[in-house]
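Trainee: Quick one: structure below, then a few questions.
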Amino acid sequence: MNMSQNLDFIHSAQRTIGLERDAVDSLLARIGDDFVKACELLLAGKGRVVVVGMGKSGHVGKKIAATLASTGTPSFFVHPAEASHGDMGMITKDDVVLALSNSGSTAEIVTLLPLIKRLGITLISMTGNPESPLAKAAEVNLDASVGQEACPLNLAPTSSTTVTLVLGDALAIALLEARGFTAEDFAFSHPGGALGRRLLLKVEDVMHVGEGLPQVLLGTSLTGALMEMTRKGLGMTVVLDEHGKLAGIFTDGDLRRALDRGIDVRQVTIDQVMTVHGKTVRAEILAAEALKIMEDNKIGALVVVDADDRPVGALNMHDLLRAGVM
């Protein structure tokens, strides 16, 4: 591959991006009352937003439906050809149909228009032709027209699909803001994602409890405490007083500091080398908050206590890493 070919590829990419940027700039200038009306209709809908589209518009429609659904507007995609063969039963009079068609004359969508009207379903269109059958049948049409496709043959849907996608994103975010949709709301629709884990996962979901919680009593020999730490594998142990309440915590770091001071591990009890009380958290706080406490205090483990200061669990950095909080 020679330098000339490289330059041709770069020029092609720049031309495509430039044309699509211009199409989006033109869309930006057209946003007005029709967009406001579309948002109002979508907010007023008592059911779901049903997105329909054929071909490339269908692919874009699936993404728009997914974005709406994940940002507080219940939505799903229906293939218009399948709608003509039974899937129309998925749509109710309380729903709002968002129909995508660059030409506005897609046969499979036009076929559905009489039924949509008969059922009294709200119809919003997104087309590149405001004089098309679809645009005229809709309560509001969002102009998704473009001056030119990025394809040099002006055939492959490129600029038009970009504009449609951007317009769909604009609708989704406008509705998100109107609904007061929060990061916590977003997390509930993305429980498997990183944000969902940070905003939903609690300490109680990852902490070690019961037999998995390393614990010794005040007066236990240091060697005994080390054996408990080794058995439980958390790099720490909780130290309890005679009432079962937290007296302290002993960690790998405490052991290193004790050895640096020349302490004979065979001659001391845990009381002499533990960190008194130590940092604690409650089980109901977010795991992300526990992580911040660890980072702020440069510690690798936390004891989880109840309202009576009794240890009920423990967790360390590795637990948070495995849970995907870090």
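Yeah, the Cβs are placed from backbone N, Cα and C, and that goes for glycine too.
Remember, predicted model here, so these are calculated numbers, not experimental data.
Pulled the feature table from Swiss-Prot, pasting it below:
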- Lys56: site 'Catalytically relevant' (SITE)
- His79: Zn(2+) binding site (BINDING)
- Glu108: site 'Catalytically relevant' (SITE)
- Glu149: site 'Catalytically relevant' (SITE)
- His190: site 'Catalytically relevant' (SITE)
- 207-265: domain 'CBS 1' (DOMAIN)
- 274-326: domain 'CBS 2' (DOMAIN)
Trainee: When you tally the Cβ atoms that lie within 10 Å of each candidate's Cβ, which of the recorded sites (Glu108, Glu149) has the highest tally?
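Mentor: That would be Glu149, with the highest Cβ count within 10 Å.
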Trainee: Please report the Cα separation of Glu149 (site 'Catalytically relevant') and Lys56 (site 'Catalytically relevant') in Å, rounded to an integer.
Mentor: 13
Trainee: How does the model score the domain 'CBS 2' (274-326) in terms of mean pLDDT?
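Mentor: When the pLDDT values over the domain 'CBS 2' (274-326) are averaged, the result is 91.
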Trainee: Counting only residues 6+ away in sequence within the same chain, which have a CB under 8 Å from the CB of Lys56 (site 'Catalytically relevant')?
Mentor: Pro157, Thr161
Trainee: Using Cβ-Cβ distances, find the residues under 8 Å from His79 (Zn(2+) binding site) that belong to the same chain and are at least 6 apart in sequence, listing them in sequence order.
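Mentor: Those within reach of His79 (Zn(2+) binding site), by Cβ under 8 Å and sequence separation of 6 or more, are Val52, Met54, Gly58, Asp87.
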Trainee: Please work out the helix, strand and coil residue numbers for the domain 'CBS 2' (274-326) from the DSSP assignment.
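Mentor: Secondary-structure breakdown of the domain 'CBS 2' (274-326): 17 helix, 16 strand, 20 coil.
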Trainee: Could you check what DSSP calls the residue listed as 'Zn(2+) binding site' once collapsed to helix, strand or coil?
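Mentor: Assignment for the residue listed as 'Zn(2+) binding site' reads coil.
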Trainee: Under a three-state reading of DSSP, tell me whether Glu108 (site 'Catalytically relevant') is helix, strand or coil.
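Mentor: Glu108 (site 'Catalytically relevant') sits in a helix per DSSP.
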